[in-house]
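S.K.: Dumping the structure here so I can ask a few things about it.
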Amino acid sequence: MLPYIALILVCWSVLSQAAQTDVEGRADKRRPIWIMGHMVNAIAQIDEFVNLGANSIETDVSFDDNANPEYTYHGVPCDCGRSCLKWENFNDFLKGLRSATTPGNAKYQAKLILVVFDLKTGSLYDNQANEAGKKLAKNLLKHYWNNGNNGGRAYIVLSIPDLNHYPLIKGFKDQLTQDGHPELMDKVGHDFSGNDAIGDVGNAYKKAGISGHVWQSDGITNCLLRGLDRVKQAIANRDSGNGFINKVYYWTVDKRATTRDALDAGVDGVMTNYPDVITDVLNESAYKNKFRVASYEDNPWETFKK
């Protein structure tokens, strides 16, 4: 009898702890923060940045003349203090990323929950944007989502530098639908990264037929200074109750003082070359009760309510 009683007590203890953890998680009113490792273009860098504290990464995607995604490559110039020349073939990178974001894989990194693809569409003509979106979708479907069969679980943000390239979004969506996987759009968000006027960005989304799943970026290379005026405009839109923005991130944030300024402004994400710096600031007494590192249970398309 005693072993059975002991077993019951152990089970009750485990269930009680789980329930308490669940209640505490739902009661946590801190803003979740996405720490975005900047310019992660080689497979080996995925582990490097996640191990430094990143829960998301940004990867550059270059295109060939026929609008095929070709390399994960930035090139010169890039941020001060970084190597600009690391690269992989795009599909090889997707396979490595899939390994890092698929539960059960030997290379799985549970903390890696979101990927921003910085789409270098500046090499394309405006009339190639739709085709670029279609080809991007086909590559992601095959090499990252594994044709819908236990592929990578990370959320994906398609970051486009040119408002005129909004047809890329429709091409991407149409291709997934044509290939029988429209449900994967639930894992896809959007960003226009050209620091355009917020109103102009909103108009581009209207043309693209997009409402929701919107991250708004603002920033500049770490070699230069940039104020937070436009960040605050984006945050005002996000918090207005009738804006089109769900989340705001700031780049490139490498210094503690800049991190504090961005958090004080109310951003949801910071893109950085030094994730450990952001982690250190989040653990400071002034911030640890207001912010926390986002987990997979945090919806990246949901506007945070205080």
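The backbone N, Cα and C atoms fix where each Cβ goes, glycine too.
Residues or ranges marked as active site by Swiss-Prot on the basis of similarity to another entry: HIS38. Summarising the annotation, Swiss-Prot assigns active site, nucleophile to HIS74. Residues or ranges marked as Mg(2+) binding site in Swiss-Prot: GLU58, ASP60, ASP118. The annotation disulfide bond is assigned in Swiss-Prot to CYS78-CYS84, CYS80-CYS223 on the grounds of similarity to another entry. The N-linked glycosylation site feature in Swiss-Prot is assigned to ASN283. As annotated by Swiss-Prot, signal peptide applies to 1-18.
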S.K.: Using Cβ atoms only, which residues of the same chain lie under 8 Å from ASP60 (Mg(2+) binding site) while being at least 6 residues apart in sequence?
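M.R.: ASP60 (Mg(2+) binding site) has long-range Cβ partners MET39, ASN41, THR72, TYR73, HIS74, ASP118, LYS120.
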S.K.: How long is the line from the C-alpha of CYS223 (disulfide bond) to the C-alpha of CYS84 (disulfide bond), rounded to the nearest angstrom?
M.R.: 14
S.K.: Does HIS38 (active site) have same-chain partners at least 6 apart in sequence with Cβ under 8 Å from its own Cβ, and which are they?
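M.R.: HIS38 (active site) has long-range Cβ partners GLU58, ASP79, ARG82, TRP251, THR252, MET271, THR272, ASN273.
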S.K.: Could you tell me the C-alpha distance between CYS78 (disulfide bond) and ASN283 (N-linked glycosylation site) in angstrom, no decimals?
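M.R.: Their Cα atoms are separated by 29 Å.
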S.K.: Using C-alpha atoms only, work out the spacing between ASN283 (N-linked glycosylation site) and CYS84 (disulfide bond) and round it to an integer in Å.
M.R.: 30
S.K.: Give the sequence-ordered set of same-chain residues, not counting GLU58, ASP60, ASP118, with Cβ within 8 Å of the centre of the Cβ atoms defining the Mg(2+) site.
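M.R.: The surrounding set, listed in chain order, is HIS38, MET39, VAL40, ASN41, THR59, VAL61, HIS74, VAL116, PHE117, SER159.
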